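Can you read through this structure? Questions will come right after.
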Amino acid sequence: MDKFRMMFQFLQSNQESFMNGICGIMALASAQMYSSFEFSCPCMPEYNYTYGIGLLIIPPIWFFLLGFVLNNNVSVLAEEWKRPTGRRTKDPSVLRYMLCSITQRSLIAPAVWVSVTLMDGKSFLCAFSINLDIEKFGNASLVIGMTETEKLKFLARIPCKDLFEDNEVRVAATRYIKCISQACGWMFLLMMTFTAFLIRAIRPCFTQAAFLKTKYWSHYIDIERKMFDETCKEHAKSFAKVCIHQYFENISGEMQNFHRHQSKDTSDAEEEEKQRSDEDKLLGIKAQEDMNKVLWNWHTCKPALALRKDHLDTESNGKLNGTMNGAVNGFAQGHTHDVAKKEWAVYYSKV
């Protein structure tokens, strides 16, 4: 249990590893679902093609959408795309990078499903059995004298072992279609692998600085959202604690005053210190209207990404070094006459 908890905490702290683990689980789940899936071809010319192609296309679409649902970055991408510009501009390249990253992970499980389905060949056999030329597999007398409708019904029963009478023709047709299906499966795997290789190989050929920039700011957007959520949780926790504490103080004020007279000064100091620390965590926001305004301003007008040093520190450093704003401040001793000069003492050890 402890190992599972440690692994879960690691995955939570490392978003990329967590999403890679989710993609791997989805890929294994898709293969396991197909192996446990009971394939039942309708063996009717009106429904064979729909059933076979639907089995090849619909589950991958479901896995693809499920990959988007399980990816936490989808909400981050949507919020970043729809948010007002405010004082922070939106970079389309960062949004494209986030969308491509989400799409790549979501395509893993559908690719596994399509590959397993094509390698198995059952859906391919069900979809294209009515297009076979039965004369290529011997015993063409089976379809002699049949109308076109009867011939289609006859060919549609090839995937169904219990409904098709001539076993040799059925086995030959099944092997033929499964051979084509497996060839398509290997071509699909080759195409997917070659595409991934091209993406890996071509990326360094372009401007690496632009790629690093988009990667950095996409990570920043994700981390900023997490830090904002954590800060809001801590603020809400402190706000609730102070609010409840004040409520009980107002309700039982006389009783608390009675106990305070009997308690020690150390306990009073500790309680005041705890209450002061909780109030400090509120960061000066102590009303519901103020908090709503802060949250609204965060959504409508996020602060610009331009961190500056404290003006007071810069000014003090300038006075100390005899410079102001990167230039000499004009005073011979590096300070004004009305500002007390700092004394420096140097001690030398003879040890």
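The backbone N, Cα and C atoms fix where each Cβ goes, and this holds for glycine too.
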Looking at Swiss-Prot, which of Cys23, Cys100, Cys126, Cys160 bridges to Cys43 via a disulfide?
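That record, Swiss-Prot, gives the partner as Cys160.
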With the disulphide bonds as Swiss-Prot has them, who is the partner of Cys41, out of Cys100, Cys126, Cys179?
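That would be Cys126, the partner Swiss-Prot lists for Cys41.
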Where does the N-linked glycosylation site label fall among Asn48, Asn139, Asn250, going by Swiss-Prot?
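According to Swiss-Prot, the N-linked glycosylation site annotation belongs to Asn139.
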Based on Swiss-Prot, are Pro84 and Asp229 on matching sides of the membrane?
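Topology check (Swiss-Prot): Pro84 vs Asp229, same domain name.
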Using a cut-off of under 8 Å between C-beta atoms, tell me which stretch among 21-36, 49-71, 178-203 contacts the transmembrane segment (99-124) the most.
49-71
Counting Cβ atoms within 10 Å of each candidate's own Cβ, which of the recorded positions Cys41, Cys100, Cys126, Cys160, Cys205 comes out highest?
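It comes out as Cys126.
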What same-chain residues, at least 6 away in sequence, bring their CB to under 8 Å of the CB of Cys43 (disulfide bond)?
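Listed in sequence order, they are Ala156, Arg157, Pro159, Cys160, Leu163.
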Using a Cβ cut-off under 8 Å, which residues of the same chain at least 6 positions beyond either end of the region 'Phospholipid-binding' (62-69) come close to it?
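Result: 22-23, 26, 30, 102, 105-110, 113.
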Going by Cα-Cα distance, pick out whichever of the recorded positions Cys41, Cys100, Cys126 is nearest to Cys205 (S-palmitoyl cysteine).
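Checking each of Cys41, Cys100, Cys126 against Cys205 (S-palmitoyl cysteine), the shortest Cα distance is to Cys100.
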Are there residues at least 6 beyond the ends of the region 'Phospholipid-binding' (189-199) whose Cβ is under 8 Å from a Cβ of it, and what are they?
111, 115
Please report the distance from the Cα of Cys100 (S-palmitoyl cysteine) to the Cα of Cys126 (disulfide bond), rounded to the nearest angstrom.
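About 35 Å separate the Cα atoms of these two residues.
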